[in-house]
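Visitor: Could you have a look at this structure, given as structure tokens, before my questions?
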């Protein structure tokens, strides 16, 4: 009985420690174990969400009107403008792969956010200067046709500085925000599930403000005034983020995340001829008390050949300590390598969705320019059509969080309602519907080009709204999937993987436009992409994309069914 009482007391002490302290290897601002009541959770996340709002405000204030700027101020033709938008969008959303790597391996997420946001701010300052300094200002449209070279150079340097800033800001900030919630604490784990939804509500609020207030200022007042506003808001949010420093929980960078992956492959190949042990528990693993830099993972049968990296050749404790990490690795390191391999097919099978998403900021906006934008006595700025997407996203996320998740949870017994990959797949179906609607509307618009009165821009409302539903399911699902399904030490890179879907899709979109354009000219003698929309056949391109997405959904279903989820060993307090 005494032994049982002692055991119960130890468990109670462990539980009490978990309630008081955060024991997930994070640190407070002074390098100590964080006190749960004073750090992290929503008290810290709100500071982080504030800077995300301002970053999305700045990004979409520029991105949604970029094609308009290139075709009107810089006088680029449609194909050149779309290519430049896609190149910039591609670089902006691929740069997080580098930023996430630097954050996880060397600088840490907090420091990376500070450095990246400073670079972002430099880009905004240069952009604003290019509209006010006489030597850099664009020439007036009525005075000259050719754009002023100095302005063009300053403009592109500025927007690519913003790309570099986004590269460090986006993956680090979102993963830093999620780090404020302890996965081993029941209440905080529930909060974390809500965090990604409310993160996206804040993101949408930034987008909504950008495509209404900022777009109106750019359209009616001037790009320079809009630049001043965006620069000031970003500077204020950086100060707010810095003020939250005492409340944050920090994770120390763990070195290059690529080295352990390479070590697993080298060790598995070196021991390829050894037999598998009779029981997975015989594979090399450290105890929970020894492992303080993260969480231990459970063994999975998937990619079993990599298990050989954890086969113990000499069970002598002294020999184990001296064993090279290129010869023997823990089971957790092996499972982390499997996780990286698992996300690769998911990444590829979501690229078609990314291609659909890129249309909203390019061709959808260009369609709006050619249509009647008068509603009552008000002229709608083209970029303000994104208001419908942002509102749909906010409403659908709120309904999903407050109504659908509790309902689905009671049916499926899954804390998320449905699993992450099911959520992603649902959004892909909405993206298919978006392309079908867009094709039908564009055909209707082309049929009316000979009429004196153009179609109302309201006809574009359905495609802007349905893509909002697609984003609510797929984009948010991708954020959760890549954050949770990569090793804990690679979470900034995990967010970068999600962003890189859009980045790679932007470049693929350019390749598709070029390939489809060439094929159309060879077979029919007429390009699908003329100098303007009225001389193009954008409806056919949309039907082509609908076919690509439909085929991709079938591939995604097959991949998703075979893809296992991360399996974490319960902590001592929870077990």
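Here, residue 1 is simply the first one shown, and the rest follow in order.
Here the Cβ of each residue, glycine as well, is placed from N, Cα and C on the backbone.
Okay, these came from Swiss-Prot:
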TRANSMEM  44-64  transmembrane segment
TRANSMEM  88-108  transmembrane segment
MOD_RES   112  phosphothreonine
TRANSMEM  113-133  transmembrane segment
TRANSMEM  153-173  transmembrane segment
TRANSMEM  195-215  transmembrane segment
TRANSMEM  223-243  transmembrane segment
TRANSMEM  339-359  transmembrane segment
TRANSMEM  375-395  transmembrane segment
TRANSMEM  420-440  transmembrane segment
TRANSMEM  457-477  transmembrane segment
TRANSMEM  493-513  transmembrane segment
TRANSMEM  541-561  transmembrane segment
Visitor: Validating a neighbour-count step here. Other CB atoms within 10 A of the CB of the residue listed as 'phosphothreonine': how many?
Guide: 26
Visitor: If I count Cβ-Cβ pairs under 8 A between the transmembrane segment (420-440) and each of 195-215, 457-477, 541-561, which range comes out on top?
Guide: 457-477
Visitor: So which of 153-173, 195-215, 223-243, 375-395, 493-513 has the most C-beta pairs under 8 Å when paired with the transmembrane segment (457-477)?
Guide: 375-395
Visitor: Do at least three C-beta pairs under 8 angstroms join the transmembrane segment (195-215) to the transmembrane segment (375-395), pairs 6 or more apart in sequence?
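Guide: The transmembrane segment (375-395) and the transmembrane segment (195-215): touching, yes.
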Visitor: Is the transmembrane segment (375-395) in contact with the transmembrane segment (153-173), using three or more Cβ pairs under 8 angstroms as the rule and ignoring pairs under 6 apart in sequence?
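Guide: The answer is no, given that the two segments have fewer than 3 Cβ pairs within the 8 Å cut-off.
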Visitor: Can we call the transmembrane segment (223-243) and the transmembrane segment (493-513) in contact, meaning three or more C-beta pairs below 8 angstroms at a sequence separation of 6+?
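Guide: No, the transmembrane segment (223-243) and the transmembrane segment (493-513) are not in contact.
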Visitor: Applying the under-8 angstroms CB criterion, which one of 88-108, 113-133, 375-395 scores highest with the transmembrane segment (493-513)?
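Guide: Most Cβ pairs under 8 Å with the transmembrane segment (493-513) come from 88-108.
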Visitor: What parts of the chain pack near the transmembrane segment (375-395), using Cβ distances under 8 Å and only residues at least 6 beyond its ends?
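Guide: For the transmembrane segment (375-395), the sequence-distant neighbours (Cβ-Cβ under 8 Å, at least 6 residues beyond its ends) are 60, 64-65, 68, 200-201, 204-205, 207-208, 210-212, 215-216, 218-220, 360, 364-366, 368-369, 457-458, 460-461, 464-469, 471-472.
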Visitor: Hey, which bits of the same chain come close to the transmembrane segment (44-64), Cβ under 8 Å, at least six residues off its ends?
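Guide: Contacts of the transmembrane segment (44-64) (Cβ under 8 Å, skipping residues fewer than 6 from its ends): 85, 89, 92, 113, 117, 120, 124, 127, 159, 162, 166, 169-170, 173-174, 176-177, 180-181, 195, 198-199, 202-203, 205-207, 209-211, 214-215, 218, 226, 230, 233-234, 236-238, 240-241, 243-244, 247-249, 361, 365, 383, 386.
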Visitor: When DSSP is mapped onto helix/strand/coil, what comes out for the residue listed as 'phosphothreonine'?
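Guide: Its secondary structure by DSSP: helix.
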